[in-house]
Every structure is written in C-alpha cells, then in structure tokens.
Amino acid sequence: MKQYLALCQRLIDQGEWIENKRTGKRCLTVINANMTYDVGQNQFPMVTTRKTFWKSAIAELIGYLRGYDSAADFRQLGTKTWDANANLNEAWLNNPYRTGDDDMGRVYGVQGRRWSKPDGGHIDQLKKLIDNLSQGIDDRGEILTFYNPGEFHMGCLRPCMHTHTFSLLNDTLHLTSYQRSCDVPLGLVFNQIQVFTLLALIAQITGHKAGLAYHNIVNAHIYEDQVELMRDVQLQREPFDPPKLHINPDIKSLEDLETWVTMDDFEVEGYQHHEPIQYPFSV
Ligand SMILES: Nc1nc(=O)c2c([nH]1)NC[C@@H]1CN(c3ccc(C(=O)N[C@@H](CCC(=O)O)C(=O)O)cc3)CN21
Ligand SMILES: O=c1ccn([C@H]2C[C@H](O)[C@@H](COP(=O)(O)O)O2)c(=O)[nH]1
C-alpha cells in the first residue's frame with residue numbers, strides 16, 4: 001500500500017502532462033515504477049484508501065489463465081471489466097476480426113494458451129511452465145507472454161500487463177511481471193492483486209513455496225479526469241494494515257483452475273478500507 005501511495009504522490013508531484021491519442025485525454029505520466037510484493041509472508045497488496053473490488057480483479061486473472069476471449073465469460077466469472085473494451089470501442093467495433101457482441105479477439109489469455117505457430121498448431125505457454133515447475137525445472141524461460149505484435153490487429157486492446165516470468169530458486173518460486181501501460185487509479189489496483197495472486201496460485205499448483213513478486217511498470221499514468229479525486233480525496237486518507245489472501249488448498253492443478261474454481265475459492269481476511277471512490281474509466 002505504501003508503494004502504491006508513493007507512486008500516486010510521485011505522479012501528482014513529478015508527473016508530466018502527455019496527450020493520449022487513443023482516448024483523446026491527457027495523462028499525468030511518469031516512467032518506470034517497480035513494486036515488490038511479499039507473497040511468502042502473505043502481505044496482500046490491496047489498496048485500503050478506497051474500497052477495492054478484489055474478486056473482480058481475481059476473476060479477471062482466472063479468465064486470462066483460462067484463455068477467455070469473451071467479455072461474457074468474464075462476466076460469468078464475476079467481472080465486468082472487459083465490457084467496455086469489447087463493446088464500446090469504436091475502432092474495435094469496426095474491426096473485421098470482431099466476431100460479435102462481447103468478442104475481445106486474440107488478446108491476453110488467447111495468446112497465453114493458444115499462441116498460433118507459423119507452421120501450424122498452437123502453443124500453450126501456461127501448461128508448459130506449470131509442467132516444468134511441477135517437476136522442479138526452471139529452464140530460465142518459464143515465461144507467459146501475451147505480447148504478440150503480429151496479432152495486435154486481431155484484438156480489442158494490446159495487453160498492458162503482458163509478460164510474467166517465473167523463477168525457481170531451490171524450493172521457492174518468484175515472479176517478475178512486466179507492464180507497459182498502467183492506469184494507476186483503476187488498473188493498478190487490480191494489477192497488484194493479480195501479480196500477487198498469480199504467484200500464490202502457481203506456487204500452490206506446482207508445489208513450491210511462494211517468494212517475492214516483482215511488478216515492473218513502464219508508463220504509469222493518471223487520466224486528467226481522475227487527478228482531482230486522487231489528489232484531493234484518496235491521497236488525503238491514511239492507509240490501514242494490509243489484509244491476507246486465502247486460496248482454497250484443494251486447487252492443485254491447472255485442470256482445477258480450468259474446471260471448477262470460482263471466486264468463492266478465494267477469501268480476504270482483515271480488509272479494512274475507506275469509502276469507495278468512483279474513478280472515471282477511459283475506453
Ligand atoms: N483506461 C483503462 N484502464 C484500465 O485499467 C483498463 C482498461 N482501460 N482496459 C482494459 C482493462 C479493464 N480494466 C478495468 C476496467 C474497469 C475497472 C473498474 O471500473 N473498476 C472499478 C469498479 C470495479 C467493479 O465494480 O468490479 C473500481 O472502482 O475499481 C477496473 C479495471 C483494467 N484495464
Ligand atoms: O491490466 C490493465 C489493463 C489496462 N490498463 C490501462 C492502461 C491504459 O490506461 C489503458 C490501455 O491503453 P493503451 O493505450 O493500450 O496503453 O488500460 C491497466 O492499467 N491495466
């Protein structure tokens with residue numbers, strides 16, 4: 001939480017105004033922010049200076065791991081976060097690759113689970129790394145990447161948090177996650193939860209201790225219509241101690257994740273928070 005607030009304050013104090021063509025809005029922007037989460041100690045990085053919809057964030061992550069490409073599937077899991085990008089973005093609505101309502105195209109999980117090979121067939125990056133890590137193998141390339149420039153034109157949005165690298169040091173698993181673009185008031189609140197939960201889940205499934213998750217962000221920004229709420233409301237609040245995340249210990253395999261896991265298999269203990277803040281969302 002301290003790292004999050006420090007980044008928000010840095011944006012307010014040192015951010016530069018940058019025009020964004022895609023949304024037509026200006027953003028206060030800084031480059032490079034690195035956060036570290038102690039997953040082994042279960043210090044769940046949930047924002048306490050406003051109410052956080054953590055189930056929605058975890059649902060988004062599970063949807064990526066299942067390879068979902070439809071906002072309807074995300075809704076069914078428990079999050080509406082892809083509705084706007086799938087159904088309200090003018091450029092995507094006019095894109096010939098869009099197959100209909102709620103289609104997101106070849107984004108995130110599609111690349112993670114079904115990366116198209118030029119010579120035919122697909123690659124399941126997640127299955128490969130889970131199989132390796134379960135056998136104690138770290139080939140120094142245990143990477144899940146959603147970043148496929150050759151297919152950007154076939155999806156509604158380029159992935160923001162796009163690459164996750166797992167590292168096994170003896171019996172402890174670490175994660176380094178890389179994010180190219182970060183909406184600090186909205187997206188980051190979810191992304192912190194996702195990085196933490198991804199390491200906790202994969203460590204549990206592959207039978208290792210969870211260590212540290214490193215979250216490396218390049219372009220961190222606040223949209224112009226979010227600045228006042230951040231500066232005058234959220235940053236005036238005192239944070240509470242972090243809560244803890246509990247994951248159902250019966251989740252033991254990728255197949256479990258794919259078949260029966262719901263948001264009821266996740267619990268947060270000791271979450272104290274301030275009032276919700278509704279930040280404007282830019283499509
Ligand atoms: N401009 C923008 N910012 C983002 O953070 C973002 C995108 N676009 N597009 C793709 C995904 C979708 N994400 C989203 C979308 C919506 C919320 C959101 O509205 N959050 C509210 C309510 C959440 C709820 O009720 O479940 C919040 O207060 O956190 C958060 C992340 C993150 N990503
Ligand atoms: O997980 C996510 C997904 C998206 N975002 C934010 C970052 C940007 O504000 C937009 C994406 O716009 P681009 O023009 O493609 O950079 O969505 C996020 O913070 N986290």
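Glycine is treated like the rest: Cβ placed from N, Cα and C.
Features reported for this protein in TrEMBL:
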ACT_SITE  Cys160  active site, nucleophile
ACT_SITE  Cys160  active site
BINDING   Arg22, Arg180, Ser181, Cys182, Asp183, Asn191, His221, Ile222, Tyr223  dUMP binding site
BINDING   Asp183, Ser282  (6R)-5,10-methylene-5,6,7,8-tetrahydrofolate binding site
DOMAIN    2-283  domain 'Thymidylate synthase/dCMP hydroxymethylase'
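What TrEMBL annotates, mapped onto the structure for a quick look.
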| residue | record | CB count, 10 Å |
| --- | --- | --- |
| Arg22 | dUMP binding site | 11 |
| Cys160 | active site, nucleophile | 18 |
| Ser181 | dUMP binding site | 19 |
| Asp183 | dUMP binding site | 21 |
| His221 | dUMP binding site | 26 |
| Tyr223 | dUMP binding site | 21 |
| Ser282 | (6R)-5,10-methylene-5,6,7,8-tetrahydrofolate binding site | 17 |
Contacting binding-site residues for ligand 2, chosen from Ser181, Asp183, Tyr223 when the Cβ sits under 6 angstroms of any of its atoms: Ser181, Asp183
Mean of the pLDDT scores, which run from 0 to 100, over the domain 'Thymidylate synthase/dCMP hydroxymethylase' (2-283): 97
Cα-to-Cα gap, Arg22 (dUMP binding site) vs Ser282 ((6R)-5,10-methylene-5,6,7,8-tetrahydrofolate binding site), nearest whole Å: 10
Local backbone state of Ser282 ((6R)-5,10-methylene-5,6,7,8-tetrahydrofolate binding site), from DSSP in three classes: coil
Cα-to-Cα gap, Ser282 ((6R)-5,10-methylene-5,6,7,8-tetrahydrofolate binding site) vs Ser181 (dUMP binding site), nearest whole Å: 13
Neighbourhood of ligand 1 - binding-site residues from Arg22, Ser181, Asp183, His221, Tyr223, Ser282 with Cβ under 6 Å: Asp183, Ser282
Rounded distance in angstrom between the Cα atoms of Tyr223 (dUMP binding site) and the residue listed as 'active site, nucleophile': 16
Residue pair Cys160 (active site, nucleophile), Ser181 (dUMP binding site) - Cα distance, angstrom, rounded: 5
Per DSSP, three-state class assigned to the residue listed as 'active site, nucleophile': coil
Local backbone state of Arg22 (dUMP binding site), from DSSP in three classes: coil
